[in-house]
Amino acid sequence: MNHTTQEGINNAHLWPLTTVVDMHGRLMIGGCNVATLARQYGTPLYLFDEETIRSACRTWRTALAACYRGETAVHYASKALLNTALTHLIADEGLGLDVVSGGELYVALRAGFPPQRIHMHGNAKTRAELEQALASGIGQIIVDNLDELAMLANLTAYRSPPQPIALRIAPDIVTNTHAHIQTGHATSKFGLPLDALDAAAERLRTAPGLCLIGLHAHLGSQLFDLEPYAAEIDTLLDSASRLRDRHGFIIQQINIGGGAGVPYTADQHPFDVHALAMRLGEALTDECRRRGFPLLHLVIEPGRSIIARAGVALYTIIATKNLPHMRFLHIDGGMGDNIRPALYGARYSAVLAERANAPIEESVAITGRYCESGDVLIHAAPLPRASVGDILAVPVAGAYTLSMASTYNLTPRPAVVMVNGGSVRLIQRRETYEDMIARDVVSSQGQV
Ligand SMILES: Cc1ncc(COP(=O)(O)O)c(C=O)c1O
Ligand SMILES: N[C@@H](CCCC[NH3+])C(=O)O
């Protein structure tokens with residue numbers, strides 16, 4: 001295609017890297033006509049652009065390696081989204097994986113992800129999940145609290161070689177984000193309070209099956225400010241010094257969690273991954289020198305910033321409702337596939353997939369199909385005049401949408417496709433009604 005037959009999309013920073021609009025106004029991603037895919041696979045459909053995912057992985061890896069002279073690793077936080085195809089892609093890009101449940105671990109292992117590159121999180125890991133993690137040869141278990149530490153010490157009493165672990169601390173740092181996704185404050189449910197570190201060290205002294213190699217903290221999600229990360233490194237290094245000086249433990253690795261924000265709407269700016277890497281590299285180098293450590297291994301766990309921009313949600317406009325000063329466009333998805341607006345007041349934007357750059361004619365409410373008045377995907381979306389049957393495309397839909405999806409109202413979850421270089425592949429089929437009753441048990445008494 002030459003330059004006279006396509007143009008860039010408005011607000012390109014919200015869309016996958018390969019997004020263009022063809023001479024007929026049609027949205028094209030990964031060389032594919034988005035509306036055609038929506039009609040072919042049905043809607044709601046989640047479309048992912050492979051190039052955008054790979055590029056985000058590479059940006060993180062190269063930025064970190066360029067800005068810090070010690071060892072670095074990027075672990076994708078799979079709670080943002082995980083499926084088999086994505087696991088393969090993350091493995092191929094050389095990232096590690098952060099899992100937070102037996103389910104995420106299962107999917108990763110079934111997809112062949114190297115267990116050594118997996119870290120397991122969670123504030124309420126069950127005994128079964130810990131046993132699953134230990135049996136799989138997972139690289140690291142990130143211990144969240146003293147009860148988990150005690151259980152793990154018991155489970156590994158005769159283990160050789162010992163299981164590598166890290167301790168997650170609550171660093172007592174407040175961040176500027178939605179209260180539901182703040183995690184670094186002193187009263188967070190996550191992580192050891194700083195004054196519990198000594199008790200953890202005491203417990204570890206009699207845990208021969210465990211080997212403490214790292215310290216972890218995670219401040220929260222959708223963060224844009226870099227300074228809290230520098231404060232976090234200071235607190236982590238302070239804790240590492242305390243473990244060394246009081247208890248003789250030598251920490252080798254500092255894991256600063258995830259949290260890098262992404263823009264969801266035109267008024268928000270892209271996060272500068274390189275600037276964060278520079279700030280982290282500088283802070284960690286200084287703190288290691290100041291406290292007499294060699295350059296410790298630096299790990300970071302981005303989730304949203306790897307996958308959010310690569311994903312676009314596609315819906316069909318099913319019906320409209322017109323009031324004197326208000327117009328609703330009812331779509332065939334909503335809070336079942338994207339709970340974020342209802343849960344966090346998250347804001348999104350949308351375009352019509354076949355009139356992508358057309359002039360704006362009205363402001364409409366994009367309303368979901370679920371039986372909740374709060375099921376409003378976008379309260380005021382500026383759009384060209386839209387009608388029943390039009391395909392609506394919502395960008396920045398890759399993170400914490402499908403991974404938090406439900407079958408509320410017994411509505412099947414969407415299909416997922418991956419596009420790349422003009423071709424498309426189905427990576428997760430649409431859920432069926434049969435899938436939804438697959439777990440139902442009918443006793444002989446109950447049979448009709
Ligand atoms: C421990 C941990 N690491 C990483 C992440 C990923 O965060 P984000 O998707 O904001 O990068 C989370 C989620 O907030 C988390 O809880
Ligand atoms: N689910 C949240 C992010 C939570 C991150 C996990 N600790 C969101 O959609 O923004």
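Any Cβ shown, glycine's included, is placed from N, Cα and C.
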For the pyridoxal 5'-phosphate site that TrEMBL describes with Gly259, Glu301, Pro302, Gly303, Arg304, which of these is also annotated: Tyr158, Tyr400, Tyr408?
Tyr400
If you count, for each of the binding-site residues Glu301, Glu372, the other Cβ atoms lying within 10 Å of its Cβ, which residue has the minimum?
Glu372
Pro302 (pyridoxal 5'-phosphate binding site), number of other Cβ atoms within 10 Å:
27
Ranking the binding-site residues Gly259, Gly303 by other Cβ atoms within 10 Å, which is at the bottom?
Gly303
Among Gly259, Glu301, Arg340, Cys371, Glu372, Tyr400, please name the recorded positions whose Cβ is nearer than 6 Å to ligand 2.
Arg340, Tyr400
Around the Cβ of Lys79 (N6-(pyridoxal phosphate)lysine), how many other Cβ atoms lie within 10 Å? Please give the count over every shown protein chain.
21
For the pyridoxal 5'-phosphate site given as Gly259, Glu301, Pro302, Gly303, Arg304, Tyr400, which other residues of the same chain have their Cβ within 8 Å of the site's Cβ centre?
Ala77, Lys79, Ala80, Ser221, Gly258, Ala260, Ser305, Ile306, Ala399
Cα-Cα distance linking Gly259 (pyridoxal 5'-phosphate binding site) and Lys79 (N6-(pyridoxal phosphate)lysine), given in Å to the nearest integer
12
